[in-house]
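Feature list (source: TrEMBL):
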TRANSMEM  60-79  transmembrane segment
TRANSMEM  100-120  transmembrane segment
TRANSMEM  135-156  transmembrane segment
DOMAIN    144-274  domain 'Fatty acid hydroxylase'
TRANSMEM  192-217  transmembrane segment
Amino acid sequence: MATNDSINILNSAYLAVEYIDSFLPDNPLQQPFKNAWNYMLDNYTKFQIATWGSLIVHEVSYFLLCVPGFVFQFIPYMQKYKIQQDKPETWEKQWKCFKTLLFNHFFIQLPLICGTYYFTEYFNIPYEWDEMPRWYILVAQCFGCAVIEDAWHYFLHRLLHHKRIYKYIHKVHHEFVAPFGMQAEYAHPLETLILGTGFFIGIVVFCNHVILLWAWVICRLMETIDVHSGYDVPLNPLHLVPFYAGARFHDFHHMNFIGNYASTFTWWDRIFATDSQFIAYKEKEKKQQLMAKKKA
């Protein structure tokens, strides 16, 4: 009975969104995107699209999304939004991070990306424009992938903090007490494989078109670079996502090393009370701010 009710609710939600979508104006970018997509299909093989296309999407998205946080360090006005203001970025740390990223991207992640074509072939995942899911289906699938990845990340990340294995793997990622955007994928190669597995689980569950692979890559990078940015910028559209953790939540994890283990959402830390130190820290901050206002 409960299962049938859930299915009915999902079907109703789908029909409601589809109805609303019918009233929305045509997307002016849809036709150029369609032309570009069909050009790609006509001029490149599926192997080239799945392999080199995925690599390009990852690299371009990663470093473009890092640009705002990188630029913020040179803008005095933005320093008031920096979470750990006493720990500015340095060229030495950023250069070290960049070199490690290149190694991880091309010697750890690229071999995995090379398996994308065989994955799509094995599961008969289409590439054609006509089989591409509607935007609201794609959004729902990305959200589902995020929920699955977040659960995997919470438990495996927490395990990597165990005192017997922390210094061998996860300690690399914690070299930076005050994170910055580019540091999001700065990690030990084993950590890249262990935590990265969570990224692929949602793909196995939801993927019905190769576009989801790329959409989920962009969404995941957007989230992880944001929470590692070191800046809590107001009017951040990601804060509209229900239960979104955000930069301040994850920044505390780097500063404190204990708690706030989830990647995207706050519910696992809330359920297991691993956000208790963060909550106490926020309450202490509020008291200090109130005292400062009274003295002023």
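Note that Cβ sites are derived from N, Cα and C of the backbone, with glycine treated the same way.
Curation plays no part in TrEMBL annotations; they are all automatic predictions.
From a predicted model like this one, the values you see are computed outputs, not experimental measurements.
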Express the predicted model's confidence over the domain 'Fatty acid hydroxylase' (144-274) as a mean pLDDT, rounded to an integer. 96
Would you kindly check 60-79, 135-156, 192-217 and say which stretch has the most C-beta pairs under 8 angstroms to the transmembrane segment (100-120)? 192-217
So which residues does the transmembrane segment (60-79) touch in its own chain, when a touch means Cβ under 8 Å and the partner is 6 or more beyond its ends? 85, 88-89, 94, 105, 180-182, 185, 217-218, 221-222, 225, 229-231, 233
Would you mind splitting the domain 'Fatty acid hydroxylase' (144-274) into helix, strand and coil residue counts from DSSP? 87 helix, 3 strand, 41 coil
